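Visitor: Quick one: the structure is below, questions incoming.
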């Protein structure tokens, strides 16, 4: 068996990635989220595949087909809610994974980090298009509002929007192409994940101490395979509690009303995992400015390797930057809350302050804190 594992051209790749991989001996549970994201992706692709077997991407029948899945297909309700809530679990793991990367300075592995940012964009695009497919009120109006943002691009904006819509409004052509993209993107994401792993295995994993762990490595299997299995069980337990007891807690009631272009819902808002970005978008009065801020809210992560001023990698022994980090986390929670609130006083003001704070902490305060800590710890 050992010979096959180490010699076979295909199995050898799996062996080097998941079995004989030298891993740091001290990586904590924060390093579990990579494998959990892999599990989420598998769940989403499988449930999505079974949903696609019964779904019809036509404005006349899309809403009915989703109802049909929930009522008439064997365990269709289970598949549908696993897919919908699986997306939420996916984003929870994504945010924790990125948060871990920021906390422990993993962004210094630039190729892996940039690939991760591209993955984040791809997953967000996929989730957005998936939300349009049930063709409820929030699906339709969410698609209308978000695609309409592209009209802010000078000169080509309006043409671009009509090209994406396939007409002069969100209609049958839009739904069909969104279904096509929503189906193909996860497979592109799988390919990107493999590249992400390829880059990671060039450098090896970071660890909580932020020190080089070459002198103290252990094999990935059995130590981390069993640890990942425990994480997977906890994730599945959380997902199934959500699916079986509170399937609609994260959804919008408006999406149980079929799409109606003549009736605008009082509060148009995306799924909870986009609310922080939506709040940043809304906090800028200018349309193009809002769109740029929206893109920058994620793209600012790409600047982190260049804003790293500290002589230490992680925040483990850096109390000032640690404080900044947790203020940033609180700020993101505030933005998420604001994104779901109506556009009125005092929410507008809170959103603007929180948006400014978000960029200020990342671009200005954390690098300054790093420099101060170098001086305090006499590392200059």
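Backbone N, Cα and C define each Cβ position, glycine as well.
Note that the structure is a prediction, hence the values are computed from the model and not measured.
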Visitor: Of the ranges 263-283, 347-367, which one does Swiss-Prot list as transmembrane segment?
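Guide: When 263-283, 347-367 are checked in Swiss-Prot, transmembrane segment belongs to 347-367.
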Visitor: Out of 178-198, 199-219, let me know the one Swiss-Prot marks transmembrane segment.
Guide: 178-198
Visitor: Using Swiss-Prot as the reference, determine which range in 77-98, 143-164 is annotated transmembrane segment.
Guide: 77-98
Visitor: By a simple count of other Cβ atoms within 10 Å, which of 83, 97, 182, 201, the binding-site residues in the record, is least packed?
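Guide: Counting other Cβ atoms within 10 Å of each of the binding-site residues 83, 97, 182, 201, the minimum falls on 201.
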Visitor: Test of understanding: applying the rule of at least three C-beta pairs under 8 Å (pairs 6 or more apart in sequence), is the transmembrane segment (113-133) touching the transmembrane segment (288-308)?
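Guide: Counting Cβ pairs under 8 Å, at least 3, so yes.
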Visitor: Let me spell it out: take the transmembrane segment (113-133), skip the flanking residues so only those 6+ beyond its ends count, and list any with a Cβ under 8 Å from a Cβ in it.
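Guide: For the transmembrane segment (113-133), the sequence-distant neighbours (Cβ-Cβ under 8 Å, at least 6 residues beyond its ends) are 48, 55, 57, 62, 66, 87, 90-91, 94, 97-98, 101, 106-107, 139-140, 142-143, 146, 174-175, 178-179, 181-182, 185-186, 188-189, 192-193, 195-196, 199, 270-271, 273-274, 298-299, 301-302, 304-305.
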Visitor: Of the listed stretches 33-53, 77-98, 226-246, 320-340, 347-367, which one has the most C-beta pairs under 8 A with the transmembrane segment (178-198)?
Guide: 33-53
Visitor: Quick one: give me the count of other CB atoms within 10 A of the CB of residue 196 (heme b b566 binding site).
Guide: 21
Visitor: How about the transmembrane segment (33-53) and the transmembrane segment (320-340): at least 3 CB pairs under 8 Å, pairs 6 or more apart in sequence, or not?
Guide: no
Visitor: Under an 8 Å Cβ to Cβ limit, what residues of the same chain, 6 or more beyond the ends of the transmembrane segment (320-340), are close to it?
Guide: 99, 102-103, 269-270, 272, 274-280, 282-283, 310, 347, 350-351, 354-355, 357-358, 361-362, 365-366, 369-370, 372-373
